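Chemist: Residues or ranges marked as ATP binding site by TrEMBL: Gly186, Gly187, Pro188, Gly189, Thr190, Gly191, Lys192, Thr193. The domain 'UvrD-like helicase ATP-binding' feature in TrEMBL is assigned to 165-557.
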Amino acid sequence: MRALAEEQQFLNAAVARRAELLAQLRAELEVAATDALEKARQRGLLRQFEELRRAGDGLIFGRLDGLDGAVLHLGRAGVRAEAEDADPLVIDWRAPAARPFYTATAREPQGQARRRHVRTSGTVVTGVDDEPLDGSVDGELAGEGALLAALGERRTGRMSTAIATLQREQDEIIRAGASGPLIVQGGPGTGKTVVALHRVAYLLFTHQQLADQAVLVLGPSPRFLEYIAQVLPALGETAVVSATCDTLLPGVAVTRPESRAAAEIKGRALWQPALQGYVASLLPVARELRLRWEGEFYVIDASTVRQALASAVPGKDCHRARRAFAEQLHQLLADAVAEQREALLNEMEEGFEELLARFDRGVRPGPGIHESASDVDGLLSEEEIEELRERIAGDASIARFVDAWWPVGDPGATLARFLHDGALLSRFAPELSAAEIALVTAEPAGWAPSDIPLLDAVAELIGEPESPRSQADFVADRAKAQRNWTYGHVVVDEAQELSEMQWHMVVRRCPARSITAVGDIDQAEASHRHTTWAEAVRSTLGERWTAAELTICYRTPREVMELTGPVLARAGSRNRPPRAVRSSGIVPWERVVEPGEVLDAAVRAVAELRGRWPGGTVGVVAPEARVAALTAVLPEVPVLTAPQAKGLEWDATLLIDADGIAAEPRGWNGLYVALTRCTQELGRLRSFR
Ligand SMILES: Nc1ncnc2c1ncn2[C@@H]1O[C@H](COP(=O)(O)OP(=O)(O)OP(=O)(O)O)[C@@H](O)[C@H]1O
């Protein structure tokens, strides 16, 4: 009771101080910014304001009592004390000082005597959980009571934050350095998504420059992005773009499905060199160029053109190479004009002194151009040649000449032509068999998911014409609008699904390779053939990545996890399912029904589950062939295939026709996913076929 009153008193003070700070920030933000510096400051203030505004819920959630008597309160955002030089009233959960809250144990107390979880509802403290770190209790979990309470809560269908109950192995990944790729393997329910999103919040807090570069979060499906949507703003982050691999290219949408065979072929890394070769073959071949300038023809010989191409092309995309070549051509033409004039003058000098004198007067430079030797001998000075070059560079007919000689296609048309031409495919992708080429060329028009990374690769090779950049206020909007935006960090969830070409697309978005990928290689459902992370990333990251692992399953109760071992083995995995942290006390059940009774039995079972989990969620997972019929009779619950259920969770799952799921492509992996979606209860319906 004393503890509750003590924390209530502290929370009251924090609430009052937050209100004060919000009022101060609001007043500062009302003053219009005049210069760039002031605007940058205002953006910082706005960020602080937003963070503090959102921190109303969870203003404090924890407290550390040091062995030295020091007391620290932790919250969703930092709250400054009134006195300038005083310690903060509440420290942000991402600050280094907050770390022992997640990592201190009885064995390694890190200078702490006690960890306290403070539960609040709005501005009222509803409970405290004390955990002494003096060795009197030695649990594996940090704040076990609070964690189990959080895990036992009803699922709302939207993901919630876990800042109060993050565990040590999760915290280590969240706060890991971000200078290179980190791949996190974790079985179902081990908190991979939790870790990925909290890591984004942590990195943005710790590395302020990331707020200007934006962070990209890639998820497997729009449904999944919706599921996690409110977690990041709740964590206080706005500089984040979330997308799926299919929606990464501005203005491009997937318009058709595809076969697994086609997706597998088009996901292979071989397309990267194949597309490079094909796009390079579209470069113009050096030849003599005849250009017209102010009524005269000028000739640039083939070897000069070859040299200009050789210096313009390497290391550049087509648009940039063409711009570099055009610049050289402008100079070459200006020089040719000057030379021709010199030759003409020489000729004239020989026989027509009088004419020369008149001509010389005629080309006298205009105001602003310095007198130079040319006025004396009729030659063009360097300044005049420069002025001439500028006129050539700005001339529309010269630009048209370059465009016609060096046409740069649009990425979509370029890729479509390539994919539908068997001769080109066998020339540039010799690894493909005749049957594979036939399959690719027979694909209909329009973009399938596996075309998007190819399109991205071609777009990168071709580059962008010069166009104005988005001026949107928020960095996330600017990043989203620009295909070749360089992100400060990329997080990939369900990364096991990525094909090699999709991995290329990810790396292109962050050439510095500040990437965190989380996934479970055993839940892979996509058509590629990887069974290890090393295989999946060999073509993009090589050996240069760090591995981390999550080993504890927070979601699925022990009773259900016990069913998963044999399924995982049938999926061909050498891994063991993660260890479940808790038991629900509910034994998974199974009913066997006649084939004609599946729909009725499903309706009855869902009604029972919904009755048993009021205020919670129920999800149904079934083989694809059964989804439509089940959806028709179960309009109130999601009915999904195993791949669609990936990453989601419900209080109770009804699994229909496990054998049917196992018989689908990569079906045992799918069944492993389906079994592990529930937080409380698993029911199964089986029918004889
Ligand atoms: N430290 C934690 N505190 C509270 N809840 C947690 C914690 N870690 C994980 N959870 C909860 O456990 C569940 C599973 O987490 P999450 O979805 O991140 O797992 P996952 O590894 O991505 O699972 P899957 O691979 O099956 O999609 C979620 O409900 C999440 O909120």
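Note: Cβ is positioned from N, Cα and C throughout, glycine not excepted.
Those TrEMBL annotations? Automatic predictions, nothing curated.
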Chemist: If you count the C-beta atoms lying within 10 Å of each candidate's C-beta, which of the binding-site residues Gly189, Gly191 ends up with the smallest number?
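Modeler: Comparing Cβ neighbour counts within 10 Å for the binding-site residues Gly189, Gly191 gives Gly191.
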Chemist: Can you count the other CB atoms that lie within 10 A of the CB of Pro188 (ATP binding site)?
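Modeler: Taking every protein chain into account, the count is 26.
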Chemist: What is the total of other Cβ atoms whose distance to the Cβ of Gly187 (ATP binding site) is within 10 Å?
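Modeler: Looking across every protein chain shown, the total is 28.
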Chemist: How many other Cβ atoms sit within 10 Å of the Cβ of Lys192 (ATP binding site)?
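Modeler: A 10 Å sphere around the Cβ of Lys192 (ATP binding site) contains 25 other Cβ atoms.
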Chemist: Tell me whether Lys192 (ATP binding site) sits in a helix, a strand or coil according to DSSP.
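Modeler: Looking at the DSSP assignment, Lys192 (ATP binding site) belongs to a helix.
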Chemist: Can you check how the pLDDT averages out over the domain 'UvrD-like helicase ATP-binding' (165-557)?
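Modeler: 88, rounded to a whole number.
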Chemist: Which residues, in sequence order, are found in the same chain with Cβ within 8 Å of the centroid defined by the Cβ atoms of Gly186, Gly187, Pro188, Gly189, Thr190, Gly191, Lys192, Thr193 at the ATP site, excluding those residues themselves?
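Modeler: Close Cβ neighbours, site residues excluded: Val194, Val518, Asp520, Leu550, Cys553, Tyr554, Arg555, Pro578.
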Chemist: Under DSSP, is Gly187 (ATP binding site) helix, strand or coil?
Modeler: coil
Chemist: For Thr190, Thr193, listed as binding-site residues, tell me which one has the smallest number of other Cβ atoms within 10 Å.
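Modeler: Thr193, out of the binding-site residues Thr190, Thr193, has the fewest neighbouring Cβ atoms within 10 Å.
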